[in-house]
Amino acid sequence: MPMPFSILADTFEKLERVTARTQMLLYLVELFKKTPPDVIDKVVYFLQGKLWPDWKGLPELGVGEKLLIKAAAISLHVSEQQLEQLAKRLGDIGQAIEMVKAEKAKKAPAPGLLAFIKRQDSSTVGLTVEKVYDTLAKIAQAQGEGSREIKLKLLAGLLAEASPKEAKYIARFVEGKLRLGVGDATIMEALAVVYAGSASMRSIVERAYNLRADLGLVAKILATKGVDELKHIKPEVGIPIRPMLAERLNDAAEILRKLGGKALVEYKYDGERAQIHKKGDKIWIFSRRLENITYMYPDVVEMARKGIKANEAIVEGEIVAIDPETGELRPFQVLMHRRRKHDIHLVLSEIPVAVYLFDTIYVDGEDLTVKPLPKRHETLEKIIEPSERWQLAKGIVTDSPEELETFFLKAIEDGAEGVMAKAIHDRSIYQAGARGWLWIKYKRDYKSEMSDTVDLVVIGALYGKGRRGGKFGALLMAAYDPETDTFKSVCKVGSGFTDEDLERLDDILKPYIRDHKPARVDSQMKPDVWVEPALVAEIIGAELTLSPIHTCCYGWVRKGAGISIRFPRFIRWRPDKGPEDATTTKELYEMYLRQLRKVKEAT
Ligand SMILES: Nc1ncnc2c1ncn2[C@@H]1O[C@H](COP(=O)(O)OP(=O)(O)OP(=O)(O)O)[C@@H](O)[C@H]1O
């Protein structure tokens, strides 16, 4: 049974206006109930605002504003100029198209019999989700010579067939501006309700998504084969796995206690996490956010091809910039220059890298995520052929806090960020997508009371004063709460920015500015403009404090108060992190408790 695209357009309209996550969930449940199982993947991709997972490295739509206006003008029989002006006035091309289309429909002459029949016919079938998806996919795949014409024709045809509302959303999708503010976790919860009978089954959907980062695919397996099938999902080469993450502590003895007395302690390299997949001669590299970054590291591809002895494998390591002369480690910022350079081959010698491997997830048919760390490590050692720039992370196994502390100091001296301590007991499995106490990071002290930075998400912006009048001067920042899939306010940060940071702020924020509070944002403080949670920044402050205004951990420590940061300072953007990778409310709570303990010990 084909699914009318109008159902999706109606849902988009509702989602756009929603201000509470519970309501958002209800709309999604309603939508999935109306979705035939064989198109659920497409519906999920539409909700994510994409045609396929980013990591697939498939082409994007490749339709700019100009082409969109041209296609819409053809389909509407109006001039491009006319449409462009209206779009400018409304600040939204989608809305302009909708308006002109609705106006035309009203003015259309009384239909002759043929047109009447045609209209009746198309209104019963109308545009289907499949047709819209397939046409958009064709538009994306049109590459090379003559592709502009093909894209134009396909898009104009699609817009001509659409109703005014459908055309609006198609245009927004094409522009990459279909920002519904629906998080993956909320989609998963709705899927669990509809196809597995209860929201509590979200964890099974989540596990599958953690091992196969393709929510459309996971939804389709669930909808067509049932929840049992999801339980048996294994990693697959070429499909990224959501990475295992670490908790944090700053005390060697406490770290060892938490890990069961004895641990593998490794350098925590300050670079970019890389999940390297190998199948025969083919290599993929995925980032911490599961983007396909293979093209950025042709040198690492070569190293992996030579340095992995297995035929099929998934290994993890940190790519670090090194000094071309001395081979010493260089900081993360140096590596990030590679992201900004267009001609990668030019920077290969300018910014050489080394890879320090620390885990293996899959080797020649064997799913290692369910195996304890010592077994995974042993396998890693077996399949790696080390070379100067391709080796295992430096590490020791220890049960002594003193030894751990000395190793930590040595790591810092060598240019690492600190150490990663990892459990080595029988239950030390690879927890894909989870931040747990099996891995603990111990980072350098930033010489202030607040001993570690946090990564917070921008949810609002405030205009500056004086010299900065009329431009943004401060950001409202939030922590992520995975339980409720919401972003809770922590602090307003207005210092630490360089002049250059401030100059770029307007441009960086622009695509995410909203005229109402985004549905997943939980904040009592009202900024000058709301910002859709998308941008992550690293923040440090003097200390964690209790605040009556901020909603992070509200009521956890004291009734009527949340946790905030005193004297927060911006350190840097974290483009390698998505909003759901930000510091969580629970982490801030634990940091607050530790700080409290330290203060007590000192007095
Ligand atoms: N030996 C190592 N083992 C595991 N991870 C390592 C190691 N060395 C460096 N890392 C990096 O440390 C990160 C683990 O810290 P965490 O799970 O908190 O992620 P994160 O939030 O990106 O960390 P941070 O913000 O502290 O850099 C990994 O994602 C990886 O990039």
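Sequential numbering from 1, following the chain as shown.
Yeah, the Cβs are placed from backbone N, Cα and C, and that goes for glycine too.
Bear in mind that TrEMBL entries carry predicted annotations, made automatically and left uncurated.
As recorded in TrEMBL, the features of this protein are as follows:
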BINDING   E266, R273, R288, E318, F358, R435, K441  ATP binding site
ACT_SITE  K268  active site, N6-AMP-lysine intermediate
DOMAIN    346-481  domain 'ATP-dependent DNA ligase family profile'
Those recorded positions listed as K268, R288, K441, and which of them has the most Cβ atoms within 10 Å of its own Cβ: K268
Other CB atoms, at most 10 A from the CB of R435 (ATP binding site): 19
Least surrounded among the binding-site residues, given as E266, R273, E318, F358, when other CB atoms within 10 Å are counted: R273
Of R288, E318, R435, i.e. the binding-site residues, those within 10 Å of the residue listed as 'active site, N6-AMP-lysine intermediate' when Cα atoms are compared: E318
Within the domain 'ATP-dependent DNA ligase family profile' (346-481), residues counted as helix, strand or coil by DSSP: 32 helix, 59 strand, 45 coil
Mean of pLDDT values spanning the domain 'ATP-dependent DNA ligase family profile' (346-481): 91
